[in-house]
Amino acid sequence: MATEHPEPPKAELQLPPPPPPGHYGAWAAQELQAKLAEIGAPIQGNREELVERLQSYTRQTGIVLNRPVLRGEDGDKAAPPPMSAQLPGIPMPPPPLGLPPLQPPPPPPPPPPGLGLGFPMAHPPNLGPPPPLRVGEPVALSEEERLKLAQQQAALLMQQEERAKQQGDHSLKEHELLEQQKRAAVLLEQERQQEIAKMGTPVPRPPQDMGQIGVRTPLGPRVAAPVGPVGPTPTVLPMGAPVPRPRGPPPPPGDENREMDDPSVGPKIPQALEKILQLKESRQEEMNSQQEEEEMETDARSSLGQSASETEEDTVSVSKKEKNRKRRNRKKKKKPQRVRGVSSESSGDREKDSTRSRGSDSPAADVEIEYVTEEPEIYEPNFIFFKRIFEAFKLTDDVKKEKEKEPEKLDKLENSAAPKKKGFEEEHKDSDDDSSDDEQEKKPEAPKLSKKKLRRMNRFTVAELKQLVARPDVVEMHDVTAQDPKLLVHLKATRNSVPVPRHWCFKRKYLQGKRGIEKPPFELPDFIKRTGIQEMREALQEKEEQKTMKSKMREKVRPKMGKIDIDYQKLHDAFFKWQTKPKLTIHGDLYYEGKEFETRLKEKKPGDLSDELRISLGMPVGPNAHKVPPPWLIAMQRYGPPPSYPNLKIPGLNSPIPESCSFGYHAGGWGKPPVDETGKPLYGDVFGTNAAEFQTKTEEEEIDRTPWGELEPSDEESSEEEEEEESDEDKPDETGFITPADSGLITPGGFSSVPAGMETPELIELRKKKIEEAMDGSETPQLFTVLPEKRTATVGGAMMGSTHIYDMSTVMSRKGPAPELQGVEVALAPEELELDPMAMTQKYEEHVREQQAQVEKEDFSDMVAEHAAKQKQKKRKAQPQDSRGGSKKYKEFKF
């Protein structure tokens, strides 16, 4: 606990930083348990667990706990003064296994927090002094040191009171505080007397360690540097002053007191090394003294500045504090509270001092630190690509947050005249109900933008995205939420890309929507209905419903097959004659829920009335349905044809009415034809006169053939270019540079160079010419020809006779026009081409006679013999198989 001291000057109250949580290891087990009980933590467990609990409490709250004062048996006596090993500046000795200090390495880094102040390595303090390093330094504490010590004690006391208030710990009563302060004062007095008594005797450490207070760097392996102000108080550790220990492994917990009895003596240092160390220490002291003088000057300046700023801030802050106090008091009256002690004035003064000390920190609190990354100067050409990769991952959200918060900061500064304090109280602001309520009454908290809101702010709108992309018609409302909206639209616009199914963003499950659509039961296609399977199944189901349970079970054991037998001819006709193609969608046109119920406008044509529409309008359906006028005809005759379809032929309006129909307003009448005063039709040829006016009019009117309502495919241009190239090839040459093939073969005029008898006859067609024509393939040959079937009742005397005979006459007639009578097809040698036509006809007749004679001579005896031989061979092969198969008896398999 803190000790009682006269209050130091207010301007110089500066809280030292808290010590690390490692100093709890030096406490005894009883002290650890007492402190844990004080903070309301469990006290069971071994020593290491107790230390760990205290350390975790310090880390979480930021409060450094001081060593408790254990009471004696009578309850009021203070605990005995601590041993010399626990005094500040005289740390625990290390275990005997220390680093040998003979060869000094380069100055090590400052020791870790929690280690003791500088003693010779591996030299216990109870076994006499080490070789002397320096002689003759003033031992008595100066006025400045005492003043600083008193300031530290007062600051600790005030800080402890503040913490007790903020944590709502009102259980400590005022008389207990006074008793603790008295005990602390007694302890401090005893420690001072011990310190002075020891300074008179030889001390087991170099005397400069008790000298001037300052920051010292480590001087090698022998002497560790003290960090922070060295105070003479053993129980109260100044906040933030880490106590360095000599190097080496720390002693196990609970063995600190045993080290005092360790009889091992450290190794002695040679004189040459001692002189070197003394020179180093003297240089270090000079440096430290200069630094201390500079620090004193800066402290004096800052204290003057702070006192000036405090006077201005006090006037503003006092009125606010009074209001806050009144509010808090009102709330405290409502809550059940315990009666506080008498010393309210002293606590009020302390509050003022603490607020002033906090106010002095305000100029430092306003400073904002900005971290700027240093960009390396690398002139490697490949470094640019490497740098671009990292630039892609830079976060821009933080910059936007700062920009948005700038106007909010200005509002905060205007609302709060006194700047807010940062530090301990700001961390616990949320826990303090009073202060948080007051702030909520003053002003609403500035809203912090979440990542979701930031993402929404950075999104494109649908209109912006449509402007940025090449195909805006593909953009949908949810495309802006994609990670890369431009890439998504590009992928959607790519040719032959299949879209993601629409139900990806639906809440309900796929095909589970029933939004007012009456789904009809499944209907069989018409070509399957014609087989009559539907009626047969319905009849069978009715029979099964009438059956008893017994007969049903009997059928399960011995099922009867062939209940629904359809004639094979019916099935054949259904699937080969009447089958229709199912409705298929094109590539990339995915099915979505309710697609089959949508109207397909592509199938509809203006002017053609479907059967459904006719039935709904009350018009007749059938072959003579076109003779009944539509109900809108009379309105069209009055107001004109529809402007969207100017060239649509509507009977009774701009085209003649059907035959055996008449104009008039009777049932089935076609109204009145639209004519002008002179009797001429207004909109078209209503009377069917086919006058020249209407024909020329229709010719003059150019119809726009460009497609509308659907985008043209992107590959249309390429196909058009190919068609143009093909058409160019087909056109005859108009330039006149290419000579046609026929022109050189015909002699333009004059006499023939070949005599009359030597001309090639026109009647002969060579086989070569036929083959060439077939090779050219100018006409696509027919794949097959259906032969008509002839039926004969009797086979007759023919050996291979059949009732089915095919009529070949139609095929022969289709082959082409009959050859001319004079033309003869004969295979001729080149020498025989010189013969006259009479000789050739004679040769042909001889050839025909020879063929007829061969046909008459031919008989079928050889074919009959072959057939009989084959039959015998089959019988021979079948006999041994039957003999083998007779040995085994197999059950006859039935379908």
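Even glycines carry a Cβ here, placed using N, Cα and C.
Per Swiss-Prot, coiled coil is recorded for 140-199.
Swiss-Prot lists 1-10 (among others) with the feature compositional bias 'Basic and acidic residues'.
The compositional bias 'Basic and acidic residues' annotation in Swiss-Prot covers 277-286 (among others).
Swiss-Prot lists 347-359 (among others) with the feature compositional bias 'Basic and acidic residues'.
Per Swiss-Prot, compositional bias 'Basic and acidic residues' is recorded for 400-414 (among others).
The annotation compositional bias 'Basic and acidic residues' is assigned in Swiss-Prot to 422-431 (among others).
Annotated compositional bias 'Basic and acidic residues' per Swiss-Prot: 844-869 (among others), in sequence order.
Swiss-Prot lists Lys10 (among others) with the feature SUMO2 cross-link.
As annotated by Swiss-Prot, SUMO2 cross-link applies to Lys280 (among others). Of all Cβ atoms in the shown protein chains, 15 besides its own fall within 10 Å of the Cβ of Lys280 (SUMO2 cross-link).
The annotation SUMO2 cross-link is assigned in Swiss-Prot to Lys400 (among others) on the grounds of a large-scale study or a structure entry.
The feature SUMO2 cross-link is assigned by Swiss-Prot to Lys412 (among others), with a large-scale study or a structure entry given as support.
Per Swiss-Prot, the feature SUMO2 cross-link maps to Lys492 (among others); the stated evidence is a large-scale study or a structure entry. Here Lys492 (SUMO2 cross-link) comes close to Arg471, Val474, Asp479, Pro499: these same-chain residues lie at least six apart in sequence, with C-beta atoms under 8 angstroms from its C-beta. DSSP assigns Lys492 (SUMO2 cross-link) to a helical segment in the three-state reduction.
The annotation SUMO2 cross-link is assigned in Swiss-Prot to Lys543 (among others). Counting only same-chain residues at least 6 apart in sequence, none has a Cβ under 8 Å from the Cβ of Lys543 (SUMO2 cross-link). Following the DSSP three-state reduction, the secondary structure of Lys543 (SUMO2 cross-link) is helix.
Per Swiss-Prot, the feature SUMO2 cross-link maps to Lys770 (among others).
Taken from Swiss-Prot, the feature SUMO2 cross-link covers Lys790 (among others). Over all protein chains present, the Cβ of Lys790 (SUMO2 cross-link) has 11 other Cβ atoms lying within 10 Å.
If you draw a 10 Å sphere around the CB of Lys843 (SUMO2 cross-link), it holds 14 other CB atoms from the protein chains shown. What Swiss-Prot records for Lys843 (among others) is SUMO2 cross-link.
Here Ser861 (phosphoserine) is positioned 33 angstrom away from Lys843 (SUMO2 cross-link), judged by their C-alpha atoms.
Counting residues per DSSP class in helix, strand and coil order gives 23 helix, 0 strand, 3 coil for the compositional bias 'Basic and acidic residues' (844-869).
With the fewest other C-beta atoms within 10 Å around its C-beta, Ser861 stands out among the modified residues Ser289, Ser861. Among the recorded positions Lys280, Lys790, Ser861, no residue is found with its Cα located within 10 Å of the Cα of Ser289 (phosphoserine).
Reduced to three states, the DSSP call for Lys790 (SUMO2 cross-link) is strand. Distance between Cα atoms for Lys790 (SUMO2 cross-link) and Lys280 (SUMO2 cross-link): 134 Å, as a whole number. Calculated from their C-alpha atoms, the gap between Ser861 (phosphoserine) and Lys280 (SUMO2 cross-link) amounts to 139 Å.
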